[in-house]
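A.B. asks: What TrEMBL records for 40-477 is domain 'Major facilitator superfamily (MFS) profile'. Annotation source TrEMBL lists transmembrane segment at 41-65, 77-99, 111-130, 136-158, 170-192, 212-233, 254-276, 296-317, 329-349, 385-404, 425-448, 454-473.
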Amino acid sequence: MVRVSVISRPATIVLDDNGNEKNEFSASEVLDQLETDWRSMWISIFLQFVVGVQVSVYYMSMWPYLQKLDKSADVDFLGWIIASCNIGSTISNPIYGYWNQRTMSVKMPVIVGFLIAALAQTWYALLSLFPDAKWFMLAARVITGLGVGNIAALRIYAATASTPKDRMKAISYGTGGYVLGISFGPVLSAFFTPLGENGWKLGSIHINMFTTVAFLMTIVCLVACVVVQLFFKENYVGIIDENEKDLNVVIPKYDMYGALICIYLFMVVNIIATNIEVMSTPLTTVLYDWKDSQSILYNGIALCCSCVVSVLLNVILGSTRLGKLDKRIQLLIGIGFFLLYQVFMYPWGFYSGPLDFLPNGKDTDVAGGCYQTYEWCKWTTRVPLPIYLICFIVFFGVAFPFVESPSAALYSEILGPRKQGNMQGLFSLGGSLAPVIGSLTSTALFQATGFRYVMVYQAGILVIGAALVMVFYKRLVPLKLKSIKKT
């Protein structure tokens, strides 16, 4: 591990165009002489992909698995199970951040997190052995969240182990890795659908489309631990050591309002991402009369296409001039595309309708449609399938990288070149708390009133986000360093 002190560099004293010493200057004018360790950074990006897969792999298959294990579970309880992973992450994110702040270590928090996640994934695969399986599923997902909260440590590494000139690239690629994981998880689950819901038994252990992927996730977590232990090295080239006695720059306090706005925007994008991915299976079941296996497969394909769009845009943001565009403008572009999603997915009166109900005596494992308890289906219209696919693939795929990557990069720049463990833990906590809020509110709204007010609710928090960016536009800027005179 390397800590950086500016006294060893000729650029400690920064001059303007006239040769006069600057009083205020950016961290890039001091730190860009160093080099980012891209080997370790790529490992960090891969690990963020693994975390994304661990979080989302059951999003589309969880409901049919839950119904198979415990018929007493309803959509409200599904909301709690979905939220439970993020509840675990909400608890563990600040812990991993504090661990890094105290030790300046990313390696051990990441390894411990993946070991915890491996235990939880094995538990998830063995749920059929337990009575009242819905409660054990809830516990398994909480423990998974306690493990994958190590994403906080990985984000800290991207922010503090990259030079300012590489910061957007490191964070965009890391975000792209996480998005790819979030998007690839349900696709991976869909890949195992040929095994069927029943599969076969190995002793008392069920091997089917639900459990096989859980055992695979256990193996992936253990492999990630080995990779970190053998190949990952820590090199914090983005930090100025504030305790250096000969330091002739001071790092001022960061703008708390700017930091909080970045956290809010990160929360909004995670609320909407979770809602879209979690609600896709029950939503398409009622909209297009798809049975469970069809919803999982078709939404998995759509999510894969959306993933390709998001990852490509993250790569473009990290490697082309588009990434140099003012991050505040990027945020407003992303919010605009998210709002387009809400507008087109709203059940307008000129869409066809109403929706169909399930045939008597049938469940969603054999047929699609609305449950008889969904009174709102009688007056809800059907969003045309081509519009649904365009919204899911294009609008969602474009919006995500234009909000998450610049909000994370801007947050790091607002904090400045200091240790960011606690604050990055808070940032990740917001990202984990948001899906808890989103999944509980959206599933409750969906069951009671349909998806109409889910769209209204999401549009409302997006409009608030856009308003905050515009009102506090001048405060959403990178922190400036100040020179000091030594006596």
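Just so you know, glycine gets a Cβ as well, placed from its N, Cα and C.
TrEMBL annotations: computationally assigned, not manually curated.
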A.B. asks: For the transmembrane segment (254-276), give me same-chain residues lying six or more residues beyond its boundaries with a C-beta closer than 8 angstroms to one of its C-beta atoms, as numbers and ranges.
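C.D. replies: For the transmembrane segment (254-276), the sequence-distant neighbours (Cβ-Cβ under 8 Å, at least 6 residues beyond its ends) are 82, 86, 182, 331, 334-335, 338, 341, 392, 396, 399-400, 403-404, 407-408, 410-411, 414-416, 423, 426-427, 430-435, 437-439, 442, 454, 458, 461-462, 464-465, 468-469, 472, 475-477, 479.
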A.B. asks: Report yes or no: does the transmembrane segment (454-473) come within contact of the transmembrane segment (329-349), defined as 3 or more CB pairs under 8 Å with a sequence separation of 6 or more?
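C.D. replies: By the criterion, they touch.
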A.B. asks: Where does the mean pLDDT land for the domain 'Major facilitator superfamily (MFS) profile' (40-477)?
C.D. replies: 86
A.B. asks: Thinking of Cβ pairs under 8 Å, which stretch from 136-158, 296-317, 385-404 has the most of them with the transmembrane segment (77-99)?
C.D. replies: 136-158
A.B. asks: Do we see three or more Cβ pairs under 8 Å linking the transmembrane segment (385-404) and the transmembrane segment (296-317), pairs being at least 6 apart in sequence?
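C.D. replies: They do touch: at least three Cβ pairs between the two stretches lie under 8 Å.
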A.B. asks: Output the single range from 41-65, 111-130, 296-317, 329-349 maximising the number of Cβ pairs under 8 Å to the transmembrane segment (170-192).
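C.D. replies: Answer, by Cβ pair count: 41-65.
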A.B. asks: Report yes or no: does the transmembrane segment (212-233) come within contact of the transmembrane segment (111-130), defined as 3 or more CB pairs under 8 Å with a sequence separation of 6 or more?
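C.D. replies: These two stretches do touch.
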A.B. asks: Quickly jot the same-chain residues contacting the transmembrane segment (111-130) by Cβ under 8 Å, restricted to those at least six beyond its ends, or write none.
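C.D. replies: Apart from its flanks, the transmembrane segment (111-130) reaches 50, 54, 58, 65, 69, 92, 96, 136-137, 139-141, 143-144, 146-150, 153, 204-206, 211, 214-215, 217-218, 221-222, 224-225, 228-229.
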A.B. asks: Which sequence-distant residues neighbour the transmembrane segment (136-158)? Criterion: at least 6 residues beyond either end, Cβ under 8 Å.
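C.D. replies: Sequence-distant neighbours of the transmembrane segment (136-158): 40-41, 44-45, 47-48, 51, 54-55, 62, 65-66, 69, 80-82, 84-97, 99-100, 106, 109-110, 112-121, 123-124, 127, 130, 170-171, 174, 178, 221, 234, 408, 420-421, 424-425, 427-429, 432.
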